[in-house]
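Per Swiss-Prot, the features are as follows:
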DOMAIN    12-152  domain 'N-acetyltransferase 1'
BINDING   LEU87, ALA88, VAL89  acetyl-CoA 1 binding site
DOMAIN    160-307  domain 'N-acetyltransferase 2'
BINDING   LEU243, GLY244, VAL245, HIS250, GLY251, GLY252, GLY253, LEU254, GLY255, LYS256  acetyl-CoA 2 binding site
Amino acid sequence: MNSTEPDSARVTRTDRLDPPEIADVLTLARAAGDADGADPFDEHTLLRLRDPHAPAHHLTVRAADGILAGYAHLDSTDPAAGTGVELAVHPTYRRQGIGRALARAVRATVTGPLRAWAHGDHPSAAALAVDLGYRRARVLWQLRRPLSAPIPQPPLPEGVTLRAFRPGTDDDAWLALNARAFADHPEQGRWTSADLRARRDEPWFDAAGFLLAVDPAGHLRGFHWTKVHERPGSPRIGEVYVLGVDPQAHGGGLGKALTAAGLAYLRDRRGLDRVMLYVDESNTAAVALYERLGFARWSAHVNYQRS
């Protein structure tokens, strides 16, 4: 373990966190998310944080009282795309130079391109990114919809039926379909069996809410994987976690039918009254589909890059 001291904050770098340190990061993330209305770390980062075998670099700043005041997670598993960065500062310790210190320590630690997510698109994050030479490269929108509003019931294409995902049986066929459906997606299309297994092991996993569209020959043609977010002190909310359609099945209304089926599941089987999803701003076809189904923009998540 070694330390650097940019600005007024002492930044410590390590390649491994012990369980109490991980708990401190999760506490910081919860405080930042409650203050900002958007969690600072995405699912990928949280999964890697809890995996003792996942390679990563961790930058931390502790206040004089020992509280974790700032944290940055560096993911170098995709060198072609650049090192992925997510960072957060505890609300109590903001406006003390900690965010800038972490960002500069990231730059001092990493050689090569950097890509950083700012969840919630807060003005302070945008200003810091621009000041440090990052450019706005990609935007994900979070859309939301009340489940109390009527849900359309579009028909499935002829011969197509829906059934639940079967863990251990459907894994390979689903991974192949996912790769086809997201061939141009920077993250989703590269999922491996380990990625699927990690999510199957999460407490929120619900095979009954992982809907598969199957043609008469038994081939998978599409899927709608739903998720329920449960957070103490906050109302539950459903998510269109991943929705995909085989390119050969495009244009037949399967995407709309799958979306509606998942929404009905979240409302009728899980008792939820609202749902959210994430969609790339550039995916105009998907945005249009979701808007027709009653979704509206809620927040933005911005990817910044620096060469």
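Including glycine, each Cβ sits where the backbone N, Cα and C put it.
Features as recorded by Swiss-Prot, highlighted on the structure.
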residue : record                    : contacts (Cβ under 8 Å, 6+ apart)
LEU87   : acetyl-CoA 1 binding site : PRO40, LEU59, GLY70, TYR71, ALA72, HIS73, GLY99, LEU102, ALA103, VAL106, ALA116
ALA88   : acetyl-CoA 1 binding site : LEU28, ALA29, ALA32, PRO40, PHE41, GLY70, TYR71
VAL89   : acetyl-CoA 1 binding site : ALA32, ALA69, GLY70, ILE98, GLY99, LEU102
LEU243  : acetyl-CoA 2 binding site : GLY222, PHE223, HIS224, TRP225, GLY255, LEU258, THR259, GLY262, LEU277
VAL245  : acetyl-CoA 2 binding site : ALA181, ALA213, ARG221, GLY222, LEU254, GLY255, LEU258
GLY251  : acetyl-CoA 2 binding site : none
GLY253  : acetyl-CoA 2 binding site : PRO154, PRO155, LEU156, PRO157
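Taken residue by residue, the domain 'N-acetyltransferase 2' (160-307) breaks down under DSSP into 52 helix, 46 strand, 50 coil. Taking every pair among LEU243, GLY244, VAL245, HIS250, GLY251, GLY252, GLY253, LEU254, GLY255, LYS256, the residues recorded as binding acetyl-CoA 2, the greatest CA to CA distance is 15 Å. Residue counts for the domain 'N-acetyltransferase 1' (12-152) by DSSP state, with H, G and I taken as helix and E and B as strand, are 50 helix, 42 strand, 49 coil.
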